[in-house]
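Annotated in TrEMBL:
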ACT_SITE  Asp49  active site
ACT_SITE  Cys52  active site, nucleophile
ACT_SITE  His262  active site
SITE      Glu237  site 'Linear diubiquitin binding'
Amino acid sequence: YKPSVSPEMDIMEYCRKEWRGNTPVAKRMRKGYEAVAQKFASIRRIRGDNYCAFRATLFQALSQATQVPRWLQSEDFTMLPENLLSKYDWIKQWQLRQKPGKKMGEISDEIKEYLILLRKKWKNISEIKDPLEKQEACDKLFKNEEEEYSLYEALKFLMLHTAIELYNADKSGRRVPVFSWLLFARDTSSNPCQLMHNHLNHIGHSGGLEQVEMFLLGYALQYTIQVYRLYKYGTDEFITLYPNDPEEDWPVVTLITEDDRHYNIPVRMCQETML
């Protein structure tokens, strides 16, 4: 079993180990890591298994959580699966992460359990005041494979719900963020049903999150996901925000990627940055 989130390591030490050569790519990566090191002292590697965008985002969100997001507190949050299934029969084809030996119950019951777990974990961790204890609680949660993957299932369902809301808003002439048009402009996801079949059902199995789905994830969580895209060092896209026009009061989590496929996390903000 590989750890989901490896212990922290000095960012520049990590960079020197990974990018030794003198190729243009290695030089650009080193420059990118140097820029990140102006703000953060360490890096933690995230296990890569097509869930790494979820893992990195959720780990960062929980490790700095001081309160439970509004959407997570709402009464009808845990009723989402029932409510959506009553309107959209095709959601029955949602692919749950297979659990060996466990009979598949009603899909809405399973997903409801995951949503309840997400709320419970978020609440428990956000109530921990001591930073060290909070970090330990996060590390412990991300060592529990069963719980960890259940949380990703909850995030995926939340993305589906958000996509349905955006799609319906656009159809009824309301304003939607630009990424929503891009999401439904793809041949493979021209509506939420296709998005589920061709994309969400595959996340964690045969693929990770595409960029436009990173926008959807940030929007669903009401978090700004700030990503250092190292291979874009020296361009406008070096630091990209998902979504790119977030609400001002959304919390920010920071990730690092070398290729838009795998994500790691920077930790320990440098003192002067915090001031």
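The backbone N, Cα and C atoms fix where each Cβ goes, and this holds for glycine too.
Cβ packing within 10 Å was compared across the recorded positions Cys52, Glu237, and the lowest neighbour count falls to Glu237. Within the group of active-site residues (Asp49, His262), the Cβ with the highest number of other Cβ atoms inside 10 Å belongs to His262. Note on proximity: of the recorded positions Asp49, Cys52, Glu237, the one nearest His262 (active site) is Cys52, by Cα distance. Straight-line distance linking the Cα atoms of Cys52 (active site, nucleophile) and Glu237 (site 'Linear diubiquitin binding'), rounded to a whole number, equals 21 Å. Between the alpha carbons (Cα) of Asp49 (active site) and Glu237 (site 'Linear diubiquitin binding') lies a span of roughly 25 Å.
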